[in-house]
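For reference, TrEMBL has these:
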- 7-27: transmembrane segment (TRANSMEM)
- 47-64: transmembrane segment (TRANSMEM)
- 71-91: transmembrane segment (TRANSMEM)
- 97-120: transmembrane segment (TRANSMEM)
- 132-159: transmembrane segment (TRANSMEM)
- 210-232: transmembrane segment (TRANSMEM)
- 238-259: transmembrane segment (TRANSMEM)
- 271-292: transmembrane segment (TRANSMEM)
Amino acid sequence: MFKDYVPILVMIIFILIVQLLALFLSIPMEAGDMQAFEDPESAANPLYYIVLILLFTGLILLSIKKNMQWIIQSIVLLAVMATLYFVVFVVLESIGFSSIIGLLAAALISVGLTSILYVYPEWYIINFTGIIIAAGASAIFGISLAIGPVILLLIILAIYDAISVYKTKHMLSLADGAIDMKLPILFVVPKKLNYSFKQTSSNKHNKDEAFLMGLGDAVIPTILVVSAYVFVDYNGLIPYHVLGAILGTIIGYFTLTMLVMKGKPQAGLPFLNSGVILGYVAGCLIGGIPILG
């Protein structure tokens with residue numbers, strides 16, 4: 001019975017690593033002007049984000065329908081390479097490497113890791129890459145959106161996720177496409193030692209062989225964690241608002257997995273986003289911090 005809960009605990013560890021790494025990346029990324037939007041307070045920013053998600057989702061579904069998966073696979077791998085490059089460069093610069101060495105090393109590492117991902121998309125390669133790009137994406141959007149726009153974004157995405165899973169069900173088709181194309185937009189935790197994601201297809205995938213979670217389930221709540229860290233001033237040694245957001249994410253995730261273990265696919269963001277928002281608000285109240293910064 002305990003072994004059934006091991007993948008859940010591993011996913012929690014993945015989420016925590018993503019959040020801690022994103023917090024680490026946020027300050028040097030902010031100093032390097034890597035924000036995605038010029039005005040972090042603008043309420044229009046979440047709308048741009050939603051439009052990008054809808055366009056990307058539509059492109060994936062269209063490529064699956066037209067049997068032209070190579071198009072979306074190429075776009076995703078290029079995006080992965082770019083994100084890896086920025087993350088590696090920021091890390092190398094923050095530990096003292098010169099800009100020239102950082103640029104060259106980041107280019108070599110990002111191209112090399114993306115090539116390995118393309119040639120040998122096994123679950124541990126996908127997970128390792130997924131942690132890096134999830135943390136990088138979370139940090140970039142977290143430093144680009146102030147608290148108000150982030151909360152608005154999370155509410156909209158939670159509603160969208162619920163509709164796409166329970167009503168239109170196109171998110172399930174998207175997950176199948178990600179499995180077939182071996183896209184690094186999933187976390188994969190095997191339940192068996194001989195499991196191979198490389199040999200798995202959406203038709204052959206068995207929930208008893210591996211536990212899957214979309215990368216967005218780690219990225220979206222972490223945006224609020226990073227935003228709280230960057231945009232909200234606080235007095236004292238303990239950032240209750242950041243800790244509350246992290247704890248809220250974990251509680252939301254455990255609530256989600258209890259339902260998933262019953263065997264039915266669930267929309268993750270309604271649970272995760274509500275958890276991180278409520279956790280953030282609770283942390284603000286405990287620490288006497290203004291909720292909107």
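For all residues, glycine too, the Cβ spot is worked out from N, Cα and C.
TrEMBL does not curate its annotations; it predicts them automatically.
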Tertiary contacts of the transmembrane segment (132-159) (same chain, 6+ residues out, Cβ under 8 Å): 17-19, 21-23, 25-26, 29-30, 34-37, 40-43, 45-46, 49-50, 53, 80, 83-84, 86-88, 184, 215, 218-232, 267, 269-270, 273-274, 276-277, 291-293
Residues of the parent chain within Cβ reach of the transmembrane segment (238-259), under 8 Å, 6 or more residues beyond its termini: 8, 11-12, 15-16, 19, 23, 217, 221-222, 224-225, 228-229, 232, 266, 268, 271-284, 286-287, 289
Positions whose Cβ lies under 8 angstroms from the transmembrane segment (271-292), at least six residues beyond its ends: 147-148, 151, 154-155, 157-158, 217, 220-221, 224-225, 228, 232-234, 236, 238-253, 255-256
